[in-house]
């Protein structure tokens, strides 16, 4: 009987070590949850779940549901085929997938927090113009009022004195524990401080004497607790799709491991959540997803291998240090759109924000700190013009970001004269410029997509491969593009050492984008399977002409591989070049920079010029506008061209019931004066990976050597785990014999005079045996129980 407790501990430890070793080798860890597509509504889903022993955790979105089974192992190296097969045979089940635990890393650079004090936030209003020009946006009257931001992370401390005044329960949920409370789980190391820190950057309350001030200090702030548990496709999708017609902006500072060898991105449900967000969120204007570009700089990682930052639906944000340098943790890639400030070297200041346990910190770091600053600036911009679409916001970022004060050796001028860098995108966000341009912004034309198959037959990569193709960008077709936004090079290739590859794409106007730089830690022989490398560097260029793809082996090794598929995907509009400003006349008051602020009678203000007729998509309205003088801000009542509602092509007012005509994809209701949208067409499913190309026999020997080398890390990981297990067993047996301590079936880790945190159980629960994993959690009112063990081991 005395041996039973430590035998159980050894078995449990061995199982945990096996799972850890499997994760280290990249093996899939299957959970006891399923994502299920069921037709018929929630009642049918509940009925199917009950009939087959599942518990319906709730709706992900649409007809997709999250099922859990108490009898299935919580973490397993193999899928549970019997349960899967039974559910698959149900007629109402259209699709299902047992969920796989994913590795997602929070993107902050760890440092011990310092004592709180009231700080100076140098990045909001600096004396040397090394700031984000936020004070100018505040001076124009924009503080984020009416805008809702949600932080997708490990929860937020909703009762923090600097957050409570702006907390929004409608923008919050605990996906990990399936309840509305996003309060983080407390630990001794404060592991779950990440979301609270990010929230304070966006919307910390102003003028209350606590900590600092958020960029959008009158915005509403919420949080989704989704990183403090198993992160699956369903968990990500539920988080990304939370309340999309209430939340305007989602800020995420996490992603796949920044280890320089991972290639990973959103799976089926998360990808669908992104698409639904931009097409249906905010009443059809599109949810805005702000993403941290990644902290893998020290590992020579590339954010183009991260399918979240590499997505056209996310606004990817990088970091700059206080002195305008590239931080040591920053990743360079062509999908980054812009930059905000964050931490740098030891002599450079960091970011001030709220911290866990109702504290304040001056040490928030990494691209984790950059993305929330961008979310705050976007909140100010949305307050200036709530009718901006998700693509309008990206255009505003491109047109107003500033390369000044940012140091890098890769600044280049693209085909339309804009400076762009793989480390900074188009430069630092400028809050003042963004809100000024947003107020009279013309909604961009509907997005077009032109797909061009480039490769006719597989090509050997060798030392260097160059693929050239002249395209007309779908000329003569309804999806013809003459003004670019995003460009994707979708590549399928095999290669015996993926990390040695460097890939570049050159546009017809000469802009050279690095789609992939060499990654020394990536020893994988998996290659890429229809991976969409994305670049923003050719924004506003004309895509017609010759495109060049370059793939090269950066090492001296005799590597080998084959490019089997190359699809060029162009996104943009049919507009001819950049829109010229309207002819200026009828101006009554000009600023020193020759921008009109007041028009004569009979004229309306449009993009700092006066026009007699507002352009299509705008309507004249008399509004209070903010005019910044040298020492003050004056409020002037003037006629301004304001945007029509996003559903209207032309209008007589800003409301959705003021439409006079509709876009081509919608029809006008002459009675209600509204435009009804046509349903979205379904997306094509991803093509299957082609079979591997046959190799000459002379290549068998190097391939075998590469295979043996690639398994060396797995062998070392296995041996390490075995040694750790032996040491653990010996030490545990010795301590057990010395202390005579008996566990009596209670699963509690103890340390001498240590505080042990355990989420969801009140203190009295420790006097009884722990409930099984299958039982319903109780006592949710107390989020953390601290147990102080007085026994000496």
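Cβ coordinates come from backbone N, Cα and C, glycine included.
What Swiss-Prot records for this protein:
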| type | residues | note |
| --- | --- | --- |
| BINDING | 115, 162, 205, 208, 210, 212 | Ca(2+) 1 binding site |
| BINDING | 154, 191-192, 236, 253-258, 264, 292-295, 306, 308, 368 | substrate binding site |
| BINDING | 174, 179, 181 | Ca(2+) 2 binding site |
| BINDING | 258, 301, 331 | Ca(2+) 3 binding site |
| DOMAIN | 444-576 | domain 'P/Homo B' |
| MOD_RES | 772 | phosphoserine |
| MOD_RES | 774 | phosphoserine |
| REGION | 758-761 | region 'Cell surface signal' |
Inter-residue Cα distance where the pair is residue 331 (Ca(2+) 3 binding site) and residue 306 (substrate binding site), in Å: 11
Cβ-centroid neighbours of Ca(2+) 3 site 258, 301, 331, 8 Å, sequence order: 259, 260, 294, 295, 296, 297, 299, 300, 302, 303, 305, 306, 329
From binding-site residues 154, 255, 258, 293, 301, the one whose Cα lies nearest residue 212 (Ca(2+) 1 binding site): 154
Surrounding CB atoms that lie within 10 Å of the CB of residue 174 (Ca(2+) 2 binding site), all protein chains: 22
Residue among the binding-site residues 212, 255 whose Cβ has the most other Cβ atoms within 10 Å: 255
Pairwise CA distance, residue 258 (substrate binding site) versus residue 301 (Ca(2+) 3 binding site), rounded so that it is a whole Å: 6
Neighbour-count leader, CB within 10 A, binding-site residues: 208, 293: 293
Residues in the domain 'P/Homo B' (444-576) grouped by DSSP into helix, strand and remaining coil: 3 helix, 70 strand, 60 coil
Inter-residue C-alpha distance, residue 255 (substrate binding site) and residue 331 (Ca(2+) 3 binding site) (nearest angstrom): 13
Binding-site residues near residue 293 (substrate binding site) (Cα-Cα within 10 Å), from 179, 181, 301, 331: 331
Secondary structure at residue 174 (Ca(2+) 2 binding site), reduced by DSSP to three states: strand
